[in-house]
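Copied over from TrEMBL:
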type	residues	note
COMPBIAS	15-30	compositional bias 'Basic and acidic residues'
DOMAIN	82-497	domain 'Major facilitator superfamily (MFS) profile'
REGION	1-30	region 'Disordered'
TRANSMEM	80-99	transmembrane segment
TRANSMEM	119-136	transmembrane segment
TRANSMEM	148-168	transmembrane segment
TRANSMEM	174-196	transmembrane segment
TRANSMEM	208-229	transmembrane segment
TRANSMEM	241-263	transmembrane segment
TRANSMEM	308-335	transmembrane segment
TRANSMEM	355-373	transmembrane segment
TRANSMEM	380-398	transmembrane segment
TRANSMEM	404-420	transmembrane segment
TRANSMEM	441-460	transmembrane segment
TRANSMEM	472-492	transmembrane segment
Amino acid sequence: MGEKRAITPEASSSSDEKAVAHHAEGHGENHAAATDEYVFTLHCTMDRTSTVLTQRDRYGNALIHIDPEAERRLRWKLDLMIVPTVALLYLFCFIDRANIGNARIAGLEKDLNLTGYDYNGLLSVFYISYIVFEIPSNIGCKYFGPGWFIPTISLGFGGLSIAMAFVNNFAQAAAVRFLLGAFEAGMLPGIAYYLSRWYRRSELTFRLGLYIVMAPMAGAFGGLLASGILQLESFGSLTSWRMIFAIEGVITCVLALISYITLTDRPETARWLTQAEKDLAILRIKSERVGTTEVLDKMDVKKLMRGILNPVTLSTSFIFLLNNITVQGVSFFAPTIVRSIYPGKSTVMTQLLTVPPYVVGGFFTLLLPAISWKMDRRQIIIMSCTPLVIVGFIIFLATTNTEARYAAIFLLSSSIFALGPMTNSQVSANVVSDTARSSAIGMNVMCGNIGGLVSTWSFLPTDGPNYPIGNGLNLAAISTILIVATAMLFWMKKDNKRREALSVEEELAGMSREEVQDLDWKHPAFRWKP
């Protein structure tokens, strides 16, 4: 091993404002035998810091470890400044998407003269544009910067929700829903990508959970809000279901305008961080990137394809596709399902009965990612999301007892929403470059919304009131998730063993620095993160 050296910039006047970086934990015997060991001390004051050092061994692994107390203070500050804004935006993003279910039982079908499969068609139109614009939107998020892109698309779908209040027939409603899908396409992957600029791999899952929990909360809050809105006599010239779209759209637009001020692209541009905190935030992300020293790399096709064609991205995207058949189906049809269980209840009471299962779903959407954060494991949590849901759909298929079927909705909500943060954090954890991460997350969410498109036809009018076809399809989907996730866990462990046997030095021989950086997950020192 090479001589141990210390590089120490100008000392700080306060020891409790110091972040210490030293030699990181080894990556196997091959690495330890061929690595020069360094100790880096990064001294930070309240208004300045020395240059961030990201010394790496010859295999591209960072030789740093950060003082956990300094990192804890920074992480808490990030949580307070970033997560609330994106969580509120995603809450109303999901409300503006799913409120058509609340409007349906408040008279939308009758007023727009929808018959047969027209309602399913309206749901499908949304997903067609959502799928088409998914990956382009996430590339646009990287190109324009999430600090501008996310508020802009939020303002767009808020305006379209308001427009939905003024439609008078199927054609107009379909046009608005198509545009709504185009604007919402960048929201879920865009926020996931945005958070990956700020948080470590292990931290990301829980932070994704903190905003994706807004999906079940949108079901709960959306039902409460819709029932409250329907108590009003009018909103301007609007009445009945039209008020739901208008009022919720106005709230979205207000939040979008506020987010132009509160969101910032990356640590370097955050006015609410000191220079020392900015450098520490950058250092945290750099330390996890094998074979590269860039946090925000230049976009190119090769790196984009590295993210899309990553084996973990492909398998996880398929899991998210299957998951969304269930999630979106429950979201769009929950009021209809509850009405089929309790046909004698009033419209407002039906809305309120959809709330408790979503509250349970929100709890598990935070609990499971929190466990993942502490364990720094994702694949086993993905597998654990399936058993209760499988039981729930079996109950739907096995009995028509009203109490049992309503209880089954709680089982469905318990963990299907948690797969949102779990799958997005899994694809994010298993790529290296910022560009590959943007395309990997975009691919995952795009496939998820193909599942959403399937879900729009899973509960057909002719299948009611018990919907055996829809429930059977969902049972098959969630069971397949368990099989695929289990198989992928074994594959990741097997391939990591294969990589351990490689001679990293031989594999990288003759490659330039750019060629090494372009390897991304194909870098021989990279290990899959199950």
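Including glycine, each Cβ sits where the backbone N, Cα and C put it.
Between the transmembrane segment (148-168) and the transmembrane segment (119-136) there are fewer than 3 Cβ pairs closer than 8 Å, counting only pairs 6 or more residues apart in sequence, which means the two stretches are not in contact.
With a cut-off of 8 Å between Cβ atoms, the residues of this chain six or more beyond the transmembrane segment (404-420) that come close are 188, 208-209, 212-213, 215-216, 219, 319-320, 323, 326-327, 330, 334, 337-338, 341-342, 353, 356-358, 360-362, 364-365, 367-369, 381-382, 384-386, 388-389, 391-393, 395-396, 448, 478, 481. The stretches the transmembrane segment (80-99) and the transmembrane segment (355-373) are not in mutual contact, being linked by fewer than three Cβ pairs under 8 Å (pairs 6 or more apart in sequence). The highest tally of CB pairs under 8 A with the transmembrane segment (441-460), across 119-136, 241-263, 308-335, 355-373, is held by 308-335.
Scored by C-beta pairs under 8 angstroms, the transmembrane segment (355-373) has its highest count with 380-398, from the stretches 241-263, 308-335, 380-398, 472-492. Proximity of distant same-chain residues to the transmembrane segment (119-136), defined by a Cβ-Cβ separation under 8 Å and at least 6 residues beyond the stretch ends, is recorded for 97, 100, 104, 109, 170, 173-174, 177-182, 184-186, 189, 308, 332, 439, 442-443, 445-446, 449-450, 452-453, 455-457, 460. Away from its own ends, the transmembrane segment (308-335) comes close to residues 94, 97-98, 100-102, 104-105, 123, 135, 215, 218-219, 223, 350-351, 354, 357-358, 382, 389, 409, 412-413, 416-417, 419-420, 423-424, 426-427, 430-431, 436, 439-440, 443-452, 454-456, 458-459, 470, 473-474, 477-478, 480-481, 484-485, 488, 491-492, 520-521, 528 of its chain (Cβ-Cβ under 8 Å, at least six residues beyond either end).
Beyond its flanks by at least six residues, the transmembrane segment (241-263) meets 81-82, 85-86, 88-89, 92-93, 95-96, 99, 102-104, 106-108, 111, 146-148, 150-152, 154-155, 157-166, 194, 222, 225-226, 229-230, 232, 234-235 of its own chain at Cβ-Cβ distances under 8 Å.
Long-range neighbours of the transmembrane segment (208-229) within the same chain, counting only residues 6 or more positions beyond its ends whose Cβ lies under 8 Å from a Cβ of the stretch, are 83, 86-88, 90-92, 94-95, 98-99, 102-103, 106, 188, 191-192, 195, 235, 243-244, 247-248, 327, 331, 334-335, 348, 351-352, 354-359, 361-362, 365-366, 368-370, 413, 417-418, 420-421, 424-425.
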